Amino acid sequence: MELGVIGLGRMGQIVANRSMEAGHDVVAFDLSAEATATAAEAGAEPADSVADLCERLDGSDDEDGDGKRIWLMVPAGDAVDATLADLEPHLDADDVVVDGGNSRFRESVRRSEETDAAYLDCGTSGGPASAAEGFSLMIGGPEWAYEALVPVFDAVATGPDGHDRMGESGSGHYVKMVHNGVEYALMQAYGEGFELLTEGRYDLDMESVARTWNNGAVIRSWLLELCEEAFREEGSDLGDVADHVAGGSTGTWTVEEALEQEVPVPIIYQALAERFDSRNEGRFSRRLANRLRYGFGRHEVARRSDGE
Ligand SMILES: NC(=O)C1=CN([C@@H]2O[C@H](COP(=O)(O)OP(=O)(O)OC[C@H]3O[C@@H](n4cnc5c(N)ncnc54)[C@H](O)[C@@H]3O)[C@@H](O)[C@H]2O)C=CC1
Ligand SMILES: O=C(CO)[C@H](O)[C@H](O)COP(=O)(O)O
């Protein structure tokens, strides 16, 4: 199959490379000429604009019809809309556009309604570390479009079991959104367990604990393997790794959706709140609680040493 890949960063290069390794022809474009050149070195046909990519993808070689097949792997949000605006004059109903990024599911539904092409919202899990094994792909959108892209999904995912059509438009990114909420909660649970072990009563080697757990324990997992790697590379006390966790958009969407559906997700919410808390030094609420204990109990007020 001939596949256009737009967005050739950490994830897009893997989409292009795995597709080419499976025998597909890739036409590649990124706003960064350097990223496009990297894909070209790996065997892709470089394009210098979205229009150029569409011209090069004439679709005539396709076994599955005349349509263009285009995979977007750009940052979620404005970049997806900007790319679709550039693509729109070149798209018709035979064409299929896959958005493999972390787009918000409602935006994917809107985009599927606005575009002339068939639109597949594809939640992608695995990250750059999965370049060799392939990703897990959760896909929403028209069935015929999903079927048309199966050879590419087989290549980009771990294999035929690594992808499936979740349902109608939006469902792929919806499932990925919830996946990320679960990811936040699992990270928080491992974090709390290792924190207790670190602060607790035995002098433990955290890499040894993680490795032992990863070999047969109920709680073994890829995230726990990444804990093991982190302790191996940073040390049992995590060395100079800062107490600051970035990101948070997909977890926020998960919690917003849970509120809307009135489904309790206290653990996912708590993990998100801990993430926000990591960015705040000197939390106002804690300072007020400190002062209130003086108000009702004449308990000593701990004061900041810098007087701020
Ligand atoms: N990095 C990760 O672990 C994962 C990322 N994702 C999602 O995949 C998408 C891509 O992520 P990454 O590859 O990590 O990002 P990245 O920042 O490494 O790459 C994005 C690429 O898109 C290009 N780009 C931006 N706007 C463009 C435009 N209008 N036209 C053409 N190219 C454009 C950039 O130049 C860059 O090369 C995001 O939606 C991200 O949330 C999904 C799962 C895992
Ligand atoms: O989707 C992912 C993993 O599954 C990406 O790594 C994503 O960037 C993580 O989300 P956040 O930035 O909210 O932690």
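Counting begins at 1 with the first residue displayed.
The backbone N, Cα and C atoms fix where each Cβ goes, glycine too.
Here the structure is a predicted model, which means the values were calculated and not measured.
Substrate is bound by ASN102, SER125, GLY126, GLY127, HIS179, ASN180, TYR184 in TrEMBL, and the record lists one more residue there from ARG275, ARG279, ARG283, which is ARG275.
On a Cα basis, TYR184 (substrate binding site) lies 19 Å away from ALA76 (NAD(+) binding site). Cβ-based neighbour count (10 Å, all protein chains) for ALA76 (NAD(+) binding site) stands at 16.
Nearest Cα neighbour of GLY127 (substrate binding site) among the listed binding-site residues (GLY7, GLY9, MET11): MET11. Taking a Cβ distance under 6 Å to any atom of ligand 1 as the criterion, the recorded positions GLY126, GLY127, HIS179, GLU183, TYR184 reduce to GLY127. Over the domain '6-phosphogluconate dehydrogenase C-terminal' (172-308) the predicted model carries a mean pLDDT of 95. Counting residues of the domain '6-phosphogluconate dehydrogenase C-terminal' (172-308) by DSSP class, helix then strand then coil, yields 89 helix, 0 strand, 48 coil.
Residues near TYR184 (substrate binding site) in space but far in sequence (CB under 8 A, at least 6 apart, same chain), listed by position: GLY251, THR254, ILE268, ALA271, LEU272, ARG275.
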